[in-house]
Amino acid sequence: MSARRKVVVPLNRVEGDLKVHLEYDGNKIYDAFSAGTMYRGFENIMKERGPLDGLVITPRICGICTTSHLSAAAKALDMISQAVVPDNATRVRNITLIAEQLQNDVRHHTMQFMVDATNPVYENAPFYEEAVERYTPIRGSSIVSAIQSTKRILEIVSILGGQWPHSSFMVPGGVVSVPGANDITQCKYVLRRFKLWYEKQILGCTCEEWNQVQSARDLEDWLESAPSRYNSDLGFYLRFGREAGLDRLGKGTENFISYGFLDMPRKTGVKSLGSTGYYFPAGFVSSGMVRQVNQHEIKEDISHSWFTNGEAELHPYEGVTIPYATGSEGYRYSWAKAPRYDGHPAETGPLAQMMALQHPLFTDLVKQNAPSVFSRQLARIIRPALTISVMDQWLDEIAETDEPFFTPYNDIRNGQGHGMVEAPRGSLGHWVIIEDGRIKRYQVISPTTWNASPRDANGQLGPWERALAGTPIKNPNAPIEVDHIVRSFDPCLVCTVHCADLRWEV
């Protein structure tokens, strides 16, 4: 029998530091433990504050998906105050959310995920020289190009919301900004430049042409159909993924959750991709079947987390955040709680959105190879092709309609509400209870909390613990497979490490 070894792989993410503890049996990962190593306490910071304070404080939870947190906070207050959000306000909210997502998807792919293709473990691979030219940190051609273009797309958030990050332009009942004709013209100019760049650099074809790809066979045909496609960033990813065997890595849970992305205005020429009131439909997917999302089915388990509440599993409206770590609880190993939907762990993010949508390309890929690094990352880099056009349509509709951007809302004295949105990394929820004009309880479940969750009381692994367990490793001293798997969930945009000293325990 081969000796089992333990290794600690330190990783970082925006919302605190992350470590992954692995147990090897020979050259195979026997078990995995995802450990959030930082306690921040935003939920407790919110207590006893005024209801509107969440619009200023919670966007600071994350400096990358800041607009998503603002949206979740505003939607929770919309519910409590029974505010009716005008269509123009919905359009402005949606446009800024898309802009934030566009920069995240491109930056993560080019500046975080693909950098691993330059790892020396691949120096004899046929793609290595091209990978180094494209993705060497700071000076790679694709990286430099992505930095320039994604910086510009965020100007749309600044034009419509005053600043990025940490803006507070969304309020109960709408938005405080009233974009004029010049603002819309500027936004359309920025968007057009980004679209032309994305189609040339990332896709190698138009968004409309890419959206005709509906199956794994179509994907192969698309890659070989034109030099511009073969040599694009997407084309290189497909070639790299094939050589590196990404379709055989990261086969995690087959449960997916998406809260729905982009509220549909009541009157709009944009056609929803689903039928749940969102452009991207909401859904919980299990064994290929899509169910409606019921927020009452969401609970957080703390049996393996450094928290205490007297009960192992609570709905966020009942949830508390009481840190508890004496150092002697060997079975507790993370500052992250373990969200579960109807008792099940669930992956969230771009692939989950595609599965809730039942996008034929991704249902085909998952049917052939189960959820994998390949399909997970592909969903992220092609997602802009589904949102850029609706962004442009909503800008036109704002310019063509003389409608308000805000309606007065009821005084927020008592009540409870939740804001559930899709951040760039996946499903994000804020649950708020107000009593006597003060916040009594504020609970947040972020996408990384879903994906990086520890075990629950039933011993069920979190999504990327499950994706890591059972993975064969070619070189345990340089486990590039671990990097690919964890980074395919996008645990961090700006501070993920690409090199780490491994600490071995026998």
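Any Cβ shown, glycine's included, is placed from N, Cα and C.
Taken verbatim from TrEMBL:
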type    : residues                     : note
BINDING : GLU43, CYS62, VAL444, HIS498 : Mg(2+) binding site
BINDING : CYS65, CYS495                : Fe cation binding site
BINDING : CYS65, CYS492                : Ni(2+) binding site
- Note on the structure: Comparing local Cβ density (other Cβ atoms within 10 Å) for the binding-site residues CYS65, VAL444 points to CYS65
- Once DSSP output is merged into helix, strand and coil, CYS62 (Mg(2+) binding site) belongs to coil
- Message: Taking only same-chain residues 6+ apart in sequence, whose CB is under 8 Å from that of GLU43 (Mg(2+) binding site), what do you get?
- Response: THR321, TYR442, GLN443, VAL444
